[in-house]
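Below is one structure, written out as structure tokens; the observations come after it.
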Amino acid sequence: IGTLYFIFGIWSGLLGTSLSLMIRTELGKPGSLLNDDQLYNVVVTAHGFVMIFFLVMPIMIGGFGNWLVPLMLGAPDMAFPRMNNMSFWLLPPSLTLLLASSAVESGAGTGWTVYPPLSSNISHAGPSVDLAIFSLHLAGVSSILGAINFITTIMNMRWEGLQMERLPLFVWSVFITAILLLLSLPVLAGAITMLLTDRNFNTTFFDPSGGGDPILYQHLFWF
């Protein structure tokens, strides 16, 4: 699975690099190249999501973690190999949803933070932002399952006599990252779910006209 993570991460990295080149060519000379601000915003948004959720996290945590953590602990494999499998296979459909979000309507041009009111029904009436939110949900589920797996592996699968203070710093870095992920990702999931219901079910969590607070989203997002 570690190897699959690397392959997926490299493929996503090439996709992200092509988006990055589009951004650089647009900004690299005076005047407009794309001639469409919405399209440019969609490229910037997709670039942010692809590079974070489909390049950095799968390679740095998924790839190196799956290869090195069991090796450094003296474990034969991760604690939950089948959950590990599922963590990986949630990522391709997540990336597909993200690419679909940029293809339908005029794309999700909200910036990678998906702030309301830019991500509200008024600015993005079609399903593009909803697809981006579902993509984030899948990537988040994948990350949370992976984090649970890493924490359990590091706590329970060490050689006998291998104390926590003797673990390599890489294992510690994965361990602490996984704990922080488990703390923060459910809050982000709550924020984008509230945004989803604001868009589709007439709630007003982030809509001032209904007593909501758009700044609340920023608090939840950056938590």
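Just so you know, glycine gets a Cβ as well, placed from its N, Cα and C.
Annotated in Swiss-Prot:
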type: BINDING; residues: E26, G31; note: Ca(2+) binding site
type: BINDING; residues: H47; note: Fe(II)-heme a binding site
type: TOPO_DOM; residues: 1-4; note: topological domain 'Mitochondrial matrix'
type: TOPO_DOM; residues: 28-46; note: topological domain 'Mitochondrial intermembrane'
type: TOPO_DOM; residues: 70-88; note: topological domain 'Mitochondrial matrix'
type: TOPO_DOM; residues: 112-130; note: topological domain 'Mitochondrial intermembrane'
type: TOPO_DOM; residues: 154-173; note: topological domain 'Mitochondrial matrix'
type: TOPO_DOM; residues: 197-223; note: topological domain 'Mitochondrial intermembrane'
type: TRANSMEM; residues: 5-27; note: transmembrane segment
type: TRANSMEM; residues: 47-69; note: transmembrane segment
type: TRANSMEM; residues: 89-111; note: transmembrane segment
type: TRANSMEM; residues: 131-153; note: transmembrane segment
type: TRANSMEM; residues: 174-196; note: transmembrane segment
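Overlay of Swiss-Prot annotations on the structure.
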residue: E26; record: Ca(2+) binding site; CB count, 10 Å: 17
residue: G31; record: Ca(2+) binding site; CB count, 10 Å: 6
residue: H47; record: Fe(II)-heme a binding site; CB count, 10 Å: 20
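Long-range contacts of the topological domain 'Mitochondrial intermembrane' (197-223) within the same chain: residues 113-117, 119-121, 129-130, 184, 187-188, 190-191, each at least 6 residues beyond the stretch ends and with a Cβ under 8 Å from a Cβ of the stretch. For the transmembrane segment (131-153), the list of distant contacts is 45, 49, 53-54, 57, 61-62, 65, 69-70, 73, 75, 78-80, 83-84, 86-88, 90-91, 93-95, 97-98, 100-101, 104, 108, 110, 114, 174-175, 177-179, 181-182, 185-186, 188-189, 192-193, 195-196: same-chain residues at least six beyond its ends, Cβ to Cβ under 8 Å. Under DSSP, the residues of the topological domain 'Mitochondrial matrix' (154-173) split into helix, strand and coil as follows: 11 helix, 0 strand, 9 coil. Mean pLDDT across the topological domain 'Mitochondrial matrix' (154-173) comes to 92 in this model. Residues of the same chain lying 6 or more positions beyond the ends of the topological domain 'Mitochondrial matrix' (70-88) and with a Cβ under 8 Å from any Cβ of it are 1, 4-5, 8, 58, 62, 142-143, 145-146, 148-150, 152-154, 156-159, 162, 167-168, 170-171. Geometry remark: E26 (Ca(2+) binding site) versus H47 (Fe(II)-heme a binding site), CA distance 14 Å.
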